[in-house]
Amino acid sequence: MATKPVSSGRVNLANLALENRIVGGKYRLLKSIGSGSFGEIYQGINTQDGKDVAVKIEAIDVKYPLLRYEAKVYEQIGPHAGLPALLHYGSEKRFNALVMELLGPSLEDLFNLCKRHFTLKTVLMLADQLLMRLECVHQHCFIHRDVKPDNFLMGIGRNCNKLYMIDFGLAKRYQDPERCQHIPYREDRNLTGTARYASINAQRGIEQSRRDDLESLSYCIMYFNLGKLPWQGIVAPNKQQKYEKILELKRSMCIDEICKSWPVEFALFMKYARNLRFQDEPDYVYLRQLFRLLFRTLNHHFDHVYDWTHLHQQQKERERERDRDRDRDRDRDRDRDRSRRDPQQLVELEVKRLRRTRVEQSRLSSRLEIGDGHKHKHLDDKQLK
Ligand SMILES: Nc1ncnc2c1ncn2[C@@H]1O[C@H](COP(=O)(O)OP(=O)(O)OP(=O)(O)O)[C@@H](O)[C@H]1O
Ligand SMILES: [Mg+2]
């Protein structure tokens, strides 16, 4: 059994010093923003229109090239709301580059930002979009085969509430789009994907189909609920034995046990995915409806306020506060420097400061009069007397 083949890509890329390089004639690489098992992701800029882009890089001599294939999958699925737009694919002298729309943090990043705890509201709002993304990919005759929180990213700017699916290097056509013929059932496959989220059948070496993406998704969703899946943290002498232990736990634990203390809908979802037959088309609408009804029963509103939204707001407020402090300190230092140079200026500055304070005081008292009504006004009058 094997997961993704280990590439030599990262080692080779480390020597390339790619910052500032131009790819595809107009995209300048700015800085590395991520790395995966196959290479490096850079933030870049389109030098013609100034738009931000993301560039996935793969060394030209990599053992198992995947980037051209990934570009083809993006092309074949076509532009879609939940997938990053493909902008360019090409080979440079020493590396291949796939240029796409720049996205924001992954669900794994956001889960960490939220101290590895998502509320039910966030999980359900995500589940709805996660199911839509899978449905879209499946409708275009592909299965993803590496469904995990790192491969779902939120957008940026006006798309910051939209969920995107990425990383199609392991995707596979499960059906011929013209003849609608499904790939045949086989039992001699190596595991493709990530053991933690892989379906039981994928770990057993059975050819993957739509049901396996769905089962992986059910594990992702429970991962968000629980903070950790029961088969995480297993220690074994080697990878092979570790995967065997993971599989053993997945098979032996009953679903109601995995999902205990959570609304029954989560167990229903996992059971549904595990009971699908090889060629079955999942009923995505039924599954979304299941979660939507629960969402409504809990009186939530689908307002796209996720757990991290508040954290982002708090973070922004803290940044603003820090900026204000910095400005105040800078002003004070500047005044002090000036006054050291010229004692006369020190007097002028002190006069100015006193005037500023007086203006602020009078502004404050007038605000009290306007804002708090007559009661305070009388009080102020008395105090003034
Ligand atoms: N369009 C994008 N915008 C912003 N960040 C991105 C984008 N695409 C990828 N990333 C970042 O780079 C990381 C790795 O990308 P990707 O999953 O495509 O590479 P990979 O080598 O196939 O990864 P792995 O095998 O580890 O899943 C992502 O998890 C994400 O953090
Ligand atoms: Mg990935």
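Cβ coordinates come from backbone N, Cα and C, glycine included.
The feature domain 'Protein kinase' is assigned by TrEMBL to 27-295.
Within the same chain, residues at least six positions away from LYS56 (ATP binding site) with a Cβ under 8 Å of its Cβ are GLY39, GLU40, ILE41, LEU67, GLU70, ALA97, LEU98, MET100. If you look up TrEMBL, you'll see LYS56 marked as ATP binding site.
Look at the region 'Disordered' (316-344): DSSP puts its residues at 28 helix, 0 strand, 1 coil. For 316-344 (among others), the entry in TrEMBL reads region 'Disordered'.
Sequence annotations record features per position, and here TrEMBL assigns region 'Disordered' to 359-385 (among others).
The compositional bias 'Basic and acidic residues' feature in TrEMBL is assigned to 369-385.
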DSSP three-state assignment (helix, strand or coil) for LYS56 (ATP binding site)
strand
